[in-house]
Amino acid sequence: MAFWSSTSVFTSKVPRKILFMFTLSLSVTYLFYSLMSCYNSLRFPLQENYVYQGRLVTEETTFVTLREKLYSASQGFTERTSLFPTVNSHDEAEQRTVEWIRTQVSPTKPAALDHTPALEREHQEISTTDSELRVNCTSDYGEKKLPQAIIIGVKKGGTRALLEALRVHPDVRAVGNEPHFFDRNYEKGLDWYRDLMPSTLEGQITMEKTPSYFVTNHAPKRIHSMAKDIKLIIVVRNPVTRAISDYTQTLSKKPEIPTFEVLAFKNRTLGLIDASWSALRIGIYALHLESWMQYFPLSQMHFVSGERLIVDPAGEMAKVQDFLGLKRIVTDKHFYFNKTKGFPCLKKPEDSSTPRCLGKSKGRTHPKIDPDVIRRLHKFYKPFNMMFYQMTGQNFEWELEEDSESRSSQD
Ligand SMILES: Nc1ncnc2c1ncn2[C@@H]1O[C@H](COP(=O)(O)OS(=O)(=O)O)[C@@H](OP(=O)(O)O)[C@H]1O
């Protein structure tokens, strides 16, 4: 009672305008400090918020520019590192990120990223830089957890496209770069691995993608010993196209390598295919899957068609979200087909309010390969593909593509 009466005396004496100004300045100060404290803290209070399943989820608004400023303002960034990638400057930006990782060790989180050559290499392949920003952030909401789902393969299958689409989902938090924990960094221990992960709120899924796990002998056992109930996602693509894509990537880095046709054969006249060449070996999916099936039931694995991920990203995303037990939030509304890129792109990626396609290292033009070699490779893979269809209970129909591929490479 006394409180109310004293409050009313106070309000009657102080003009309303001053009170309003006072409240406003307090709010502005609060927002400013939230903003300065950390990018991730900033995301929640400032964004256009809405509630989904009782949790606060957000829509990005103007944070690309804001982040740009924060990023360059913090820790004496050079001009080189203060820019953010757009579709056009993507590769340059990736390179800058790599350079930044090399030169900057976050004083707040020294162990968050171990700057191994492996991680640096993978940075060149990633399409977003959001994860790097989080490295500097200590006041992340939630808790860092080991992943409950991993995209384990396959290399050049479309794993980046899938991860970026999943990151749009408010209940998915994924590390942007490839940790390579179960193949190259295992000795660093689970704490190191956990520390790479973004913080998650209750109910959010922690994820990562490292496509080389699928062909790593130790990976199934190691992942099983971390989490028996983990969900595994494998993006598969016609092994012949995948091999050409893999070769195209290597060629872009080492233009002096022999032709695809030369590398594909041990003895071309005898028609002896070199299955030990990693570009071809990775595509023997049935062989690799067998190792995973020793540790995990098929119900814990989900196979995404790399081909359908391009022609019907929303359809594939619906199945992935079902598999992960997520509400179908990422739908056709989130994609548009970019004619210049020739691929579906995201209208609103996780870290931006503007549409974005994957970088230049995704969707490269493949060199023309001798149609006869393509035919022989199809023949080589056919029995393995059949076995793979049988094992997974899914027909990926790669045999139907044989003709069209041979035709297109003749053009
Ligand atoms: N939306 C979208 N945009 C661009 N590219 C797309 C997309 N969806 C799938 N793909 C295909 O993804 C292929 C690269 O696969 P990955 O991301 O798994 O490559 S990597 O293993 O991480 O290097 C890449 O292979 P290439 O075309 O050979 O470059 C693409 O065909």
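Yeah, the Cβs are placed from backbone N, Cα and C, and that goes for glycine too.
Record features, source TrEMBL:
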type     : residues                                                                                       : note
TRANSMEM : 18-36                                                                                          : transmembrane segment
DOMAIN   : 147-382                                                                                        : domain 'Sulfotransferase'
BINDING  : Lys156, Gly157, Gly158, Thr159, Arg160, Arg237, Ser245, Lys362, Gly363, Arg364, Thr365, His366 : 3'-phosphoadenylyl sulfate binding site
ACT_SITE : Lys156                                                                                         : active site, for sulfotransferase activity
DISULFID : Cys345-Cys357                                                                                  : disulfide bond
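Features per TrEMBL, on structure.
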| residue | record | contacts (Cβ under 8 Å, 6+ apart) |
| --- | --- | --- |
| Lys156 | 3'-phosphoadenylyl sulfate binding site | Pro211, Arg237, Arg242, Ser245, Asp246, Gln249 |
| Gly158 | 3'-phosphoadenylyl sulfate binding site | Val235, Arg237, Val304, Gly306, Leu309, Ile310 |
| Cys345 | disulfide bond | Phe335, Tyr336, Phe337, Asn338, Pro355, Arg356, Cys357, Leu358 |
| Gly363 | 3'-phosphoadenylyl sulfate binding site | Lys341, Gly342, Phe343, Cys357 |
| Thr365 | 3'-phosphoadenylyl sulfate binding site | Thr248 |
- Item | Ser245 (3'-phosphoadenylyl sulfate binding site): tally of other CB atoms within 10 A of its CB | 21
- Over all shown protein chains, what is the count of other CB atoms within 10 A of the CB belonging to Cys357 (disulfide bond)? 23
- Task: Can you see whether DSSP assigns Ser245 (3'-phosphoadenylyl sulfate binding site) to helix, strand or coil?
- Result: helix
- Task: Give the maximum pairwise CA distance in Å, whole number, for the residues Lys156, Gly157, Gly158, Thr159, Arg160, Arg237, Ser245, Lys362, Gly363, Arg364, Thr365, His366 listed as binding 3'-phosphoadenylyl sulfate.
- Result: 18
- Quick one: mean pLDDT on the domain 'Sulfotransferase' (147-382)? 97
- What is the Cβ neighbour count of Arg160 (3'-phosphoadenylyl sulfate binding site) at a 10 Å cut-off, with all protein chains included? 23
